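Copied from TrEMBL, the annotated features are:
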- 183-207: compositional bias 'Acidic residues' (COMPBIAS)
- 217-228: compositional bias 'Gly residues' (COMPBIAS)
- 71-174: domain 'Reverse transcriptase RNase H-like' (DOMAIN)
- 183-228: region 'Disordered' (REGION)
Amino acid sequence: MDNVVDYIDDLLIHTGTWEAHVKTLSELFKRLQEANFTGQPNIVNWDDSQERVYNSLKVEVTSKTVPQLPDVNKKFVLRTDASDRGLGAALMQENESTLFPVAYSSKKLTHRERKYSVTEREALAIVWGVKKFSLYLYGTVFTLQTDHGALQFLNAAKFDSPRIMGWALALQIYNFDFQYIKEEEEEEEEEEEEEEEEEEEEEEEEVEVRGAEEGARVGGGGEGAGGT
């Protein structure tokens with residue numbers, strides 16, 4: 001049959017429209033019945049382990065890490081990052097207050113690019129990511145997310161590196177706003193610092209309270225002695 005391919009013990013149907021798919025499927029079932037071909041339900045042993053895998057697969061497929069189809073009516077968000085070996089970029093859009101990826105991309109750094117400073121590598125990730133997804137970003141207003149604080153002002157500030165300044169000029173044809181995102185490690189460190197500060201403040205308050213109570217007792221004792 002046209003549009004039907006057999007693979008091991010499976011039959012695959014490939015058609016261009018839903019109507020053609022239904023028609024081919026109906027014809028396929030008809031021929032299988034005429035050939036007295038029946039399935040073997042016991043060929044698959046479906047137990048708790050298969051059920052767990054199936055349920056976990058459903059969760060993964062519907063999670064926010066699975067790329068979604070782009071919506072040209074929504075604002076794009078581009079998040080870039082760099083390491084000492086490569087660059088990464090994720091094009092995302094917000095759906096029901098949650099960012100979902102539209103596309104991912106990565107690039108291995110050349111030997112020369114590995115010698116760049118941290119700021120230069122992060123800037124390179126931005127320029128490369130914007131050009132990579134220029135089809136979606138050019139002519140729109142998008143948000144550019146970076147975890148490198150010095151690059152928040154890439155489109156406004158002056159840098160000592162001529163390389164970064166050249167990249168900044170190349171980005172002027174795009175319309176975007178910067179959003180600085182903190183890394184999880186930084187957030188954890190800030191939370192720990194806040195907790196330590198709160199503990200210190202509580203200890204200081206306890207010392208002040210104890211000092212005030214002791215002062216009140218001493219003052220009270222002095223008044224009693226004067227009365228006698």
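Cβ atoms are placed via backbone N, Cα and C, with glycine included.
Just so you know, TrEMBL annotations are computer predictions that nobody has curated.
Keep in mind that this is a model prediction, so the values were computed, not measured.
Across the residues of the domain 'Reverse transcriptase RNase H-like' (71-174), the predicted structure has a mean pLDDT of 89. With DSSP classes pooled into helix, strand and coil, the tally for the domain 'Reverse transcriptase RNase H-like' (71-174) is 39 helix, 34 strand, 31 coil.
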